[in-house]
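See below for the structure under consideration.
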Amino acid sequence: PSCFGYPLSIFFIIINEFCERFSYYGMRAVLVLYFKYFLQWDDNLSTAIYHTFVALCYLTPILGAIVADSWLGKFKTIVSLSIVYTIGQAVMAVSSINDLTDQTQDGSPDNIPVHIALSMIGLILIALGTGGIKPCVSAFGGDQFEEDQDKQRSRFFSIFYLSINAGSLLSTIITPILRAQECGIHSKQRCYPLAFGVPAALMAISLVVFIAGSGMYKKAKPQGNIMVQVSKCIGFAIKNRFRHRSKEFPKREHWLDWASEKYDKRLIAQTKMVLKVLFLYIPLPMFWALFDQQGSRWTLQATTMDGNFVVFSPYVHLQQTVNPILIIIMVPVVDAVVYPLIKKCKINFTPLRKITVGMFLASLAFVAAALVQVQIDKTLPVFPAAEQSQIKIINLGTDNASIKFEPELGHVDVASMGSTGYMIFETSRLQSLKVTSGNKTQLDTIELPGGKRHTLAVKNNETDLVVKWLLDNVTSKPEEGNNLIRFLNNLPDPVNVTMGETSFGNLAPLSDSNYELFPGGRQDGITVVRNSITCLNTSKALGFGSAYTIVINECSRDNLTVTYSEDISPNTVHMAWQIPQYFILTCAEVVFSVTGLEFSYSQAPSNMKAVLQAGWLLTVAVGNIIVLIVAGASKLSEQWAEYVLFAALLLAVCIIFAVMAYFYTYVDPNEIEAQFDEEEKNQVKKDPDLYEKKAEADSEM
């Protein structure tokens, strides 16, 4: 059955691909965040495991191709590995349920190893599934067309690529929104089970849709895997060359010609073409090493930025959606506008030159990322070292105050109801302080633990001068753009404080609450109860990634007056500054990735396309392994320096590739194959039984 001239079966395949890509990219969009905030891993371990997983996803296609071609056939391979894949996604969703091991019901899992074990099992199954079906689905789609449907087949591949990007675009927008929801039985937490559960459901739908079309598919029998034959041919050539290494044997034109005793000329010629392209692939993994850091380092970079977008709820990982949006726009623009313009300028923009330009652009994108990182680093707070103390002063009285740190470590004046920033002192040198406010003066000795932040609250009452130390137990900037809030009671009576849904409990006069975490970019209502009088106010917009002490100064019938003292300043570098690096990297992907696939196809013999496809995917896997090695070996403490290092490495590789490309001569596999066809025809005329002999020889191989 057909529809608009296309086999009806391909619509099932395209829907299946859309659901599968949604499932994969949706899970990947929140994976680093799951590692960091749920499994409590640090940035480096999260990045390492993420890239190990991606590498695994690109190593398994070789396995999938061999299983499909030599043993099960494409249809059965897709079905059986999709089942494995669906189980993996379901295990991943279960691993993220914090109530699974939360016996204490405090909102965080008590037995992290259980969650780690489950998520690792889930990820291994997903890598087997997604990688195993990757080389089969597109080829299975291609198999559905008749010989004379070239035009429809190429249109199918375009729609297929579009469905991949549509699936990834939707999922990178939707799963972070799902993650941002609050869910849980005992306590409300970020909803990872939903963020992983929806991809799992889509994978199940993908499987059902694919099986539903079963009756319509053209299912080709497994033909034996060409990769195995190529490997045997290369192995035999090397072995044979080694056997005949003495001088008495004449040299042969190419080392692969040593396989001619056992393998026919056509296979040897095809293998030569493939090896020529695979040799060019050697520098390519460096590109993927940079490209795939979008999902790890760049995502973590965004969590230290100001995510205040008008359209998007903050911390939807907008940047991960930038790439698929740009791809959908850029592919047609580059094809229809940029390349024709370059052609008009009489520049011969060969495929290998395009790939070189792609590598250069990717290295440029990392320079842009480094520049953004330098700006972010300027906004990060400095915390005291072990032998230091940081002190800030809040003046809670109506008179100005002057504080002098002895012995002669400086003095500071604070206006009434004002506060200072943090000042750093050597803890061992701090001995005493002298506070003067109004007409009162007080001397205090100082005994502070090192490596901590403290607030000194000063208040000149009618009767006395009160000096009170508060410990600020904030040791890092709040992550993911959240805010930390605490209250300080500047009233003579005890009060009960609530902000939003969070209760801060009862506060005695001149005492402070603990810090509580609030989502960034929100304004919450503040409720203060004093002597059975309830006062209401709304907090100001507190930005992203900040910490504040809110001082309660007045609470009467219809009036609640508070002042804000900033303990950690909010993120000030806007997320939009990441767009240039994403734009440059997407331009790099368009000229590199699309051209690379095209080039591989044009330079490969018809029956070897799968080998080059596997080789291409292998470069992605190796690229992710490079990230692990470089990030592990370089002991760079500064993130911007690591970005510059990657940019420099890719630039060096880009120059090497340009030299290799300069010496590459393009071939036309069809011409070479036509020559062999011609030779075979001539031989058949001379020896009519040749085909039968050849078939017997092939079956022995």
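Every residue gets a Cβ built from N, Cα and C, even glycine.
Because the structure is a prediction, the values reported are computed rather than measured.
According to TrEMBL, the protein has these features:
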type	residues	note
COMPBIAS	681-701	compositional bias 'Basic and acidic residues'
REGION	677-701	region 'Disordered'
TRANSMEM	48-68	transmembrane segment
TRANSMEM	75-94	transmembrane segment
TRANSMEM	114-133	transmembrane segment
TRANSMEM	154-174	transmembrane segment
TRANSMEM	194-217	transmembrane segment
TRANSMEM	273-291	transmembrane segment
TRANSMEM	322-342	transmembrane segment
TRANSMEM	354-374	transmembrane segment
TRANSMEM	610-631	transmembrane segment
TRANSMEM	643-664	transmembrane segment
Proximity verdict for the transmembrane segment (114-133) and the transmembrane segment (48-68), three or more C-beta pairs under 8 Å: yes
Distant-in-sequence neighbours of the transmembrane segment (194-217), which means Cβ under 8 A and at least six residues beyond its ends: 1, 7-9, 11-13, 15-17, 19-20, 22-24, 26-27, 30, 34, 75, 78-79, 82-83, 85-86, 89-90, 92-93, 95-96, 140, 144, 171, 174-176, 178-179, 181, 183
Contact set, same chain, for the transmembrane segment (322-342): CB under 8 Å, 6 or more residues outside the stretch: 161-162, 165-166, 168-169, 172, 294, 349, 578-579, 582-583, 585-587, 589-591, 594
Two-stretch contact, the transmembrane segment (75-94) and the transmembrane segment (48-68), at least three Cβ pairs under 8 Å: yes
